[in-house]
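Below are the features listed in Swiss-Prot for this protein:
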type	residues	note
ACT_SITE	His138	active site
BINDING	Gly153, Ala154, Ser155, Gly156, Ile157, Gly158, Lys159, Ser160	ATP binding site
ACT_SITE	Lys159	active site
BINDING	Ser160, Glu202	Mg(2+) binding site
ACT_SITE	Asp177	active site, proton acceptor
ACT_SITE	Arg243	active site
REGION	264-269	region 'Important for the catalytic mechanism of dephosphorylation'
Amino acid sequence: MAVSVQDLLDKIHFHVIYSTETALQKEITTSEIMRPGLEMAGYFDYFTPERIQLFGMKEWSYMMTVVGDNRYDLLKKVMAKETPVVIVARNLEIPSEMVAAAKKADIVLLQSREATSRLNSVLTSFLDERLAERTTVHGVLMDIFGVGVLIQGASGIGKSETGLELVKRGHRLVADDRVDVFQRDAFTLSGEPAEILRNMIEIRGVGIIDVMSLFGAGAVKDSTDIDMVIYLEYYDKEKAFDRLGNAPTIVEFSDVEVPQTRIPVKTGRNVSVIVEAAVMNFRAKQMGFDATKTFEDRLTDLISHNKESQ
């Protein structure tokens, strides 16, 4: 996967010093950012020109000590044709030699008012997300009480209907049917809709519903982290379901483990309310309140008390 320089400009604010149509279409293929400190001193053994070249105060200060043609010759090496974009942070002055080198190599030259470390972090985060490998899973992705919930289950079990009911109850839809899942960092999984299905829910017997048109902009969300999975399955009295909540299961997507809650579905059960309760219970556990442990402690105390009474 790749991100064009134009995509970068569309998402992050910069002051454009130099660009051309062809330069804006250059592709960024890595989220690693290059700060050419040693290169400005003439050491190019491990130079990686295909990365974004970011000039901070240190690189800029050294560059300004080099004068005349030497500065231009040095910048020509740093600003190679393979380089997608060069960015100068902290609104530092851009010398004419840098503009000339950008024109010669047809590289977009940008200026940012952000501090270098902050800009580095913003760029890396954006590129990590955009360049991450996508996996498609079947389900409904919702933001419920601020928790990213992926609702899965057999076809026809009522995932979309549950999602619609949750939207009516004030929660936000991210994706229905097809969810594009990607690993945002080593421990975080995120999901987003396919562009053609954005803001849409399919309800059997009704058809395609545009959630944003019917319920407003507050009922949809572009993407969310996936904090938990709720799996809907048909009720089977022969099957043992977790009744205490002390036997959580884990599912794995793209090497990231996500806790899963399995909910049996049968006539008369209000699935959307049960999903809300499961999410609130999940949040409570994250905050250190575990109803299962409280119950077990009470049961242990009761057993101990009964033994002492005998």
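Numbers here mean position along the shown chain, with the first residue as 1.
The backbone N, Cα and C atoms fix where each Cβ goes, glycine too.
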What residues elsewhere in the chain lie close to the region 'Important for the catalytic mechanism of dephosphorylation' (264-269), defined as a C-beta under 8 angstroms and at least 6 residues from its ends?
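Those are 153, 157-158, 232-236, 239, 241, in sequence order.
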Compute the mean position of the Cβ atoms of Gly153, Ala154, Ser155, Gly156, Ile157, Gly158, Lys159, Ser160, which form the recorded ATP site, and then list in sequence order the other residues of that chain whose Cβ is within 8 Å of it.
Leu232
Between Gly153 (ATP binding site) and Asp177 (active site, proton acceptor), what C-alpha distance do you get in Å?
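A Cα-Cα distance of 11 Å.
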If you draw a 10 Å sphere around the Cβ of His138 (active site), how many other Cβ atoms fall inside it, taking every protein chain shown into account?
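Neighbour count, Cβ to Cβ under the 10 Å cut-off: 13.
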Taking the Cβ of each of the binding-site residues and counting other Cβ atoms inside 10 Å, which one has the highest number: Gly156, Gly158?
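Answer by Cβ density within 10 Å: Gly158.
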I'd like the Cβ neighbour count for Ile157 (ATP binding site), meaning other Cβ atoms within 10 Å of its Cβ, all protein chains included.
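A 10 Å sphere around the Cβ of Ile157 (ATP binding site) contains 17 other Cβ atoms.
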Can you break down the region 'Important for the catalytic mechanism of dephosphorylation' (264-269) into helix, strand and coil residue counts using DSSP?
0 helix, 2 strand, 4 coil
